[in-house]
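These notes concern the structure reproduced below.
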Amino acid sequence: MVMCKRPEDAEQARISAQIDRQLRRDANNEIGNQKLILLGTGECGKSTVLKQMNILHKDGFSETQLALMAGAVYSNLVSGMANLLRARETFMYPLSDSDADMDARRIMALAESGKEHEPFTNAVYMALKNLWQQPNIQRTYQRRAEFQLGDSFEYFMLHLDRINDPEFKPTPEDALRIRVPTTGVVQVHFKIKGCLFRVFDVGGQRSERRKWIHHFDDVNAIIFITAISEFDQTLMEDGKTNRLVESMDLFAQICNSKWFVTAAIILFLNKKDLFEKKIKSVPISYLFKEYKGENEYAPSIEHIRYQFEKRNEHPQTKKIYPHETCATDTNQVQLVIDSVIDMVIAKNLRGTGME
């Protein structure tokens, strides 16, 4: 005897199938849309990482965008030299002659005029060039950990002749090296392996951090960036707090925050190239008095990695994914970002039971 389904049973089956389809769609949408936030203290390299993502997974920088960055290059050079000159005075290092004094006054006047973003006049170009060759400016530069100076200042000084060309247009590498403090939130969207990634860079200075809370919902991963080369430097905000200590304290807040219970925590130990150079003359025992290891890259960075990982209060349930990075090295960043993307996708597949 053939049993006929009651109409209500058929309707329930239809609804059940519809729900199953919706659940699958929701799961796919959850996997297909990933939200990542770049966090860290000021000048740690967050914006550089975001620029690299723009280069690697979007269209990079347009000719127009690059041309518009020229003003920031000029400004970085003038403000950097002005900072060197101020520090030189603090250290009481004299300039060699009256011509150098005149060059210094010219740069300081430009830095305070609000016109430091304009193309160089020949007098400004020669002032920058001559001052950089001053022995006591070089002596001051060797003490740059004691005052505020952008990491890329020397890079731009080495390219001063190219930058002074009337037809100067920044290169993609110049764009990576430009220092412009992030205010508010900057984001990049890109699609890779069928997933839409929304990556947010939020200001790292203390005054900007209160804005982070508005971007915490539904975060798949936090990329926390720390500049390990700054273990002997102080914050721009107060000139007293050690930068790496501030970064470790902030990492502890982020890692153990209720907002990030399910988010993957990825740690970028950034500026490894500068770190490797610095420890040849400044051991990490400058900050970590307990460190008795060798003054070499591998054991030194391992000690710093441990300092971050031990701040994780829930190691049994929350794993930290550390990577050693140089944010200005596009090839190296590509390998790290690809690894991060694969990890985020796999983690969310497991979370939805679809792995």
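Any Cβ shown, glycine's included, is placed from N, Cα and C.
Features of the protein shown, as given by TrEMBL:
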BINDING   43-48, 151-152, 176-182, 201-205, 270-273, A327  GTP binding site
BINDING   S47, T182  Mg(2+) binding site
Fewest C-beta neighbours within 10 angstroms among the binding-site residues S47, T182, N270 belongs to T182
Which of the listed binding-site residues (L176, V180, V202) has the least company, meaning the fewest other Cβ atoms within 10 Å of its Cβ?
-> V180
Expressed in Å to no decimal places, the gap between the Cα atoms of V202 (GTP binding site) and T182 (Mg(2+) binding site) is 7
May I ask you to report the DSSP-based helix, strand or coil state of S47 (GTP binding site)?
-> helix
Which number gives the other C-beta atoms within 10 angstroms of the C-beta of E43 (GTP binding site), all protein chains shown included?
-> 22
Hey, what's the Cβ neighbour count for A327 (GTP binding site) at 10 Å?
-> 27
How many Å lie between the Cα of A327 (GTP binding site) and the Cα of T182 (Mg(2+) binding site)?
-> 16
Coarse DSSP state, helix versus strand versus coil, of V180 (GTP binding site) = coil
Quick one: pull the CA-CA distance for S47 (GTP binding site) versus T182 (Mg(2+) binding site), whole Å only.
-> 7
Can you figure out which of E43, L176, N270 (the binding-site residues) comes closest in space to T182 (Mg(2+) binding site), comparing Cα atoms?
-> E43
